[in-house]
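Peer 1: I have a structure here, written as structure tokens, and I will follow up with some questions on it.
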């Protein structure tokens, strides 16, 4: 494991614990021996108020490679979400998470999670990852929002 990646992730964890957006979760997983695994984080993103996503808390796994922060983490909703920019596997399709697009080593975990929250309600139809959600979003917005609200209810923390 890269010392650079671990040191950066330890800094990220410290910064997150000191200050993070309300309702969001980002916690490194534990190894079988009880030690912290900074390369694998369990996160949760709340649906934004005033949107069909409101009320939901959407669980996401963030996996870091040894060359982080040179390469972005892989962000994957578990279970996968109904959304035009979420692959059927749950992986998020977002330009800041792609090395050959808008990824920059200075981007923080907080910025990634806020960016994904923004993407939930504002899909990028230029870069679809899920055919069904994309088609319904483009052809029947009322049905799309109905499904999103049902999903938010299903993933409500209460």
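Indices start at 1 and increase along the chain as displayed.
Quick reminder: no glycine exception, Cβ is built from N, Cα and C everywhere.
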Peer 1: Looking at the candidate ranges 7-12, 13-18, 19-24, report the one that Swiss-Prot labels region 'Interaction with SUMO1'.
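Peer 2: Of 7-12, 13-18, 19-24, Swiss-Prot gives region 'Interaction with SUMO1' for 13-18.
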Peer 1: Taking only same-chain residues 6+ apart in sequence, whose CB is under 8 Å from that of residue 100 (site 'Substrate binding'), what do you get?
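Peer 2: Same-chain residues close to residue 100 (site 'Substrate binding') (Cβ under 8 Å, separated by 6 or more): none.
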Peer 1: Counting across all protein chains shown, how many other Cβ atoms sit within 10 Å of the Cβ of residue 93 (active site, glycyl thioester intermediate)?
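Peer 2: I get 19 for this one.
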Peer 1: Spatially, which candidate from the recorded positions 4, 57, 93, 101 is nearest to residue 25 (site 'Interaction with RANBP2'), comparing Cα atoms?
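Peer 2: Nearest by Cα distance to residue 25 (site 'Interaction with RANBP2'): 57.
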Peer 1: Can you tell me which of the recorded positions 57, 93, 101 is spatially closest to residue 4 (site 'Interaction with RANBP2')? Compare CA atoms only.
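Peer 2: Checking each of 57, 93, 101 against residue 4 (site 'Interaction with RANBP2'), the shortest Cα distance is to 101.
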